[in-house]
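Accompanying notes for the structure given below.
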């Protein structure tokens with residue numbers, strides 16, 4: 001799930017941890033000390049997904065296709081890269097970051113489209129908005145990314161119970177992470193098995209650095225230690 005953003009120097013940055021606040025400009029700021037320290041390879045696991053969103057690619061929805069790389073240290077996501085080769089019709093982009101260095105390469109989608117701003121600044125005197133609508137916008141209801149292909153009867157019940165609106169319905173976990181990071185959605189929800197560690201490691205590193213939370217459907221963190229048997233995320237995903 002997302003938290004609200006902060007920006008410095010006129011640019012747009014994902015919401016960030018205090019540790020990353022001093023590293024906004026990597027050209028002028030040294031890498032944090034923990035990044036420069038050597039790490040024994042036995043503590044590291046690297047996850048790669050060269051084509052996330054296979055169904056979207058086959059359907060021609062190219063903007064949702066991503067290439068994912070995640071680095072976990074001691075079972076926890078530490079760094080991530082999301083490549084979006086079809087970000088526009090003429091150019092792709094790379095979003096990257098990790099623990100203590102922030103999240104780079106995000107697009108400022110504008111306040112009007114950013115769900116973090118929904119309900120803020122409104123009120124009972126605003127045209128077309130009464131006080132109950134403003135309260136609902138501010139405190140209840142949010143925008144959710146859901147999977148287009150994976151069937152789960154519980155999703156509708158969750159949407160009803162949380163007053164949620166579907167913002168994106170695509171089968172592409174990396175794209176869900178991008179939408180949450182940039183503020184186009186509050187969260188992404190998949191309540192059953194359907195993703196694997198290579199789908200989520202890099203995105204989790206980025207979202208946690210941005211101040212967000214990633215868990216299974218019961219609120220538990222996944223362990224990204226090396227394990228062939230543990231590659232599946234068996235209990236869903238909430239980002």
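In case you wondered, yes, glycine gets a Cβ from its N, Cα and C as well.
Those TrEMBL annotations? Automatic predictions, nothing curated.
Annotated Mg(2+) binding site per TrEMBL: 49, 51, 52, 199, in sequence order.
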- Same-chain neighbours of the Mg(2+) site, Cβ within 8 Å of the mean position of the Cβ atoms of 49, 51, 52, 199 and not counting those residues, run in sequence order as 50, 53, 54, 66, 67, 68, 172, 173, 174, 198
- Note on the structure: Counting other CB atoms within 10 Å of each candidate's CB, the least crowded of the binding-site residues 49, 51, 52, 199 is 51
